[in-house]
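Chemist: Here it is, the structure, as structure tokens.
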Amino acid sequence: MDVLLANPRGFCAGVKRAILIVENALKIYKRTIYVKHELVHNQYVIKKLRKKGVIFVEKISDIPDNSIVVFSAHGVSKKTKEKAIKKKLIILNATCPLVTKVHKEVSKASEKSIETILIGHKGHPEVIGTLGQYNNENSKIHLIESIEDINKLPIKKNNTKLNFFTQTTLSIKYTQSIIKSLKKKFPYISGPKKEDICYATTNRQNAVVKLSNITDMILVIGSKNSSNSNRLAELGRETGVFTKQIESFSDIKEKWIKNIKYIGITAGASAPEFLVKQVVEYLQKMGAKKPKEMLGTKEKIIFNIPRYLTLPSHLKNYE
């Protein structure tokens, strides 16, 4: 059995930044660090941080006054930030800069009373945070998840003050079809020059398509609550290739790989590389050959952390 590794895969710049912010905060402040929601959607990352003393909460009210709070990579609403300020919390913002970009655009639309449509998954923390940037009594922000939702929108067809934005971790193909339908129904609607789906989501989805052309099966490593991992698995299935989403090698069933000649492996943007290595090692024990790295888009993007969280030299090797 040949093993092919998708390229790129795994951690994106936003996830790396968020983890570094928390790890450096632990070393610098030497106090309990609270994180609003899971920092990133991967159980192994969360488990590792919990072992270091990080406490994850869903409500700001669960955090003691004057404590340190980190906002997750998914971002938070304006109201959540206001609650944190009222409790005199030290705020460390680990929101992905690409999500922050969408937040700023939605906030501007709100200030200008521009009716806004957000394409995204209801209940996802990124969507909740983005919706929470809009606060205008004279106009509204509407959430849609599908083409069918467009016809339910209480918006006039000839509305000239209308914007759309998207969640950053959606399916490229499906989102483009929704945008096309939006523009057809609302000829005056405007949006970003390029949809807000992030570079990492785009690159990882393109890599799965490449895998699908040369494999009999695709394994997607990523937690069940990871939006971008779910989209990778969906995309694999859409291509017609047998695809399974797993959290670790222990989820693999021997019957899946019994007659497979070419197996592709990828990982969501919040899945650490050691999980990929463990899957490869497991497959090799089952008789697989040495893995081959696919050619793919090189990701050179780095998101810097705030200067005050940059470690002094004497702490850089601290564990």
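The chain as shown is numbered from 1 upward.
Including glycine, each Cβ sits where the backbone N, Cα and C put it.
All annotation found in TrEMBL is predicted automatically rather than curated by experts.
Sharing the features that TrEMBL gives for it:
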{"type": "ACT_SITE", "residues": "Glu126", "note": "active site, proton donor"}
{"type": "BINDING", "residues": "Cys12, Cys96, Cys198", "note": "[4Fe-4S] cluster binding site"}
{"type": "BINDING", "residues": "His41, His74, His124, Thr168, Ser226, Ser227, Asn228, Ser270", "note": "(2E)-4-hydroxy-3-methylbut-2-enyl diphosphate binding site"}
{"type": "BINDING", "residues": "His41, His74, His124, Ser226, Ser227, Asn228, Ser270", "note": "dimethylallyl diphosphate binding site"}
{"type": "BINDING", "residues": "His41, His74, His124, Ser226, Ser227, Asn228, Ser270", "note": "isopentenyl diphosphate binding site"}
Chemist: Quick one: what's DSSP say for Asn228 ((2E)-4-hydroxy-3-methylbut-2-enyl diphosphate binding site), helix, strand or coil?
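Modeler: The residue in question, Asn228 ((2E)-4-hydroxy-3-methylbut-2-enyl diphosphate binding site), is helix (DSSP, three-state).
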Chemist: Considering all pairs of residues in His41, His74, His124, Thr168, Ser226, Ser227, Asn228, Ser270, annotated in the record as contacting (2E)-4-hydroxy-3-methylbut-2-enyl diphosphate, what is the maximal C-alpha distance expressed in whole angstrom?
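Modeler: For the residues that bind (2E)-4-hydroxy-3-methylbut-2-enyl diphosphate, the greatest Cα distance is 15 Å.
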Chemist: Of the recorded positions listed here (Cys12, Cys96, Glu126, Cys198), which is spatially closest to His74 ((2E)-4-hydroxy-3-methylbut-2-enyl diphosphate binding site) when Cα positions are compared?
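Modeler: Ranked by Cα distance from His74 ((2E)-4-hydroxy-3-methylbut-2-enyl diphosphate binding site), first place goes to Glu126.
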Chemist: Given the binding-site residues Ser226, Ser270, and counting only Cβ atoms in the protein chains shown, which has the most within 10 Å of its Cβ?
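Modeler: Buried the deepest by this measure is Ser270.
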Chemist: Which ones in the same chain are close to the residue listed as 'active site, proton donor', with CB under 8 Å and 6+ residues apart in sequence?
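Modeler: Long-range Cβ contacts: His74, Gly75, Val99, Gly120, Gln167, Thr168, Thr169, Ser227.
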Chemist: From the binding-site residues His124, Asn228, Ser270, pick the residue whose C-alpha lies nearest to the C-alpha of Cys12 ([4Fe-4S] cluster binding site).
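Modeler: It is Ser270, whose Cα lies nearest.
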Chemist: Do me a favour and check the Cα-Cα span between His124 ((2E)-4-hydroxy-3-methylbut-2-enyl diphosphate binding site) and Cys96 ([4Fe-4S] cluster binding site); whole Å is fine.
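Modeler: Taking the Cα atoms only, His124 ((2E)-4-hydroxy-3-methylbut-2-enyl diphosphate binding site) lies 15 Å from Cys96 ([4Fe-4S] cluster binding site).
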Chemist: Taking only same-chain residues 6+ apart in sequence, whose CB is under 8 Å from that of Cys96 ([4Fe-4S] cluster binding site), what do you get?
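Modeler: The answer is Gly14, Val15, Arg17, Ala18, Ala73, His74, Gly75, Thr168, Cys198, Phe303.
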Chemist: Can you check which residue among the binding-site residues Thr168, Ser227, Asn228 has the largest number of Cβ atoms within 10 Å of its own?
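Modeler: The most densely surrounded of these binding-site residues is Thr168.
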Chemist: If you count the C-beta atoms lying within 10 Å of each candidate's C-beta, which of the binding-site residues Cys12, Cys198 ends up with the smallest number?
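Modeler: Comparing Cβ neighbour counts within 10 Å for the binding-site residues Cys12, Cys198 gives Cys198.
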Chemist: Please compare the binding-site residues His41, His74, His124 by how many other CB atoms fall within 10 Å of each one's CB, and tell me which has the fewest.
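Modeler: Selected from the binding-site residues His41, His74, His124 on minimum Cβ neighbours within 10 Å: His124.
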Chemist: Quick check: which same-chain residues outside His41, His74, His124, Thr168, Ser226, Ser227, Asn228, Ser270 lie with their CB within 8 A of the centre of the (2E)-4-hydroxy-3-methylbut-2-enyl diphosphate site CB atoms?
Modeler: Val40, Glu126, Thr169, Asn225, Ser229, Gly268, Ala269
Chemist: Which are the residues of the chain, Cys12, Cys96, Cys198 excluded, whose CB is within 8 A of where the CB atoms of the [4Fe-4S] cluster site average out, their centroid?
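Modeler: So the extra residues in range turn out to be Ala13, Gly14, Val15, Ala73, Pro97, Leu98, Val99, Thr168, Thr169, Tyr199, Ala200, Thr201, Ala269.
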Chemist: Helix, strand or coil: which one is Cys198 ([4Fe-4S] cluster binding site) in, per DSSP?
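Modeler: Coil, per DSSP.
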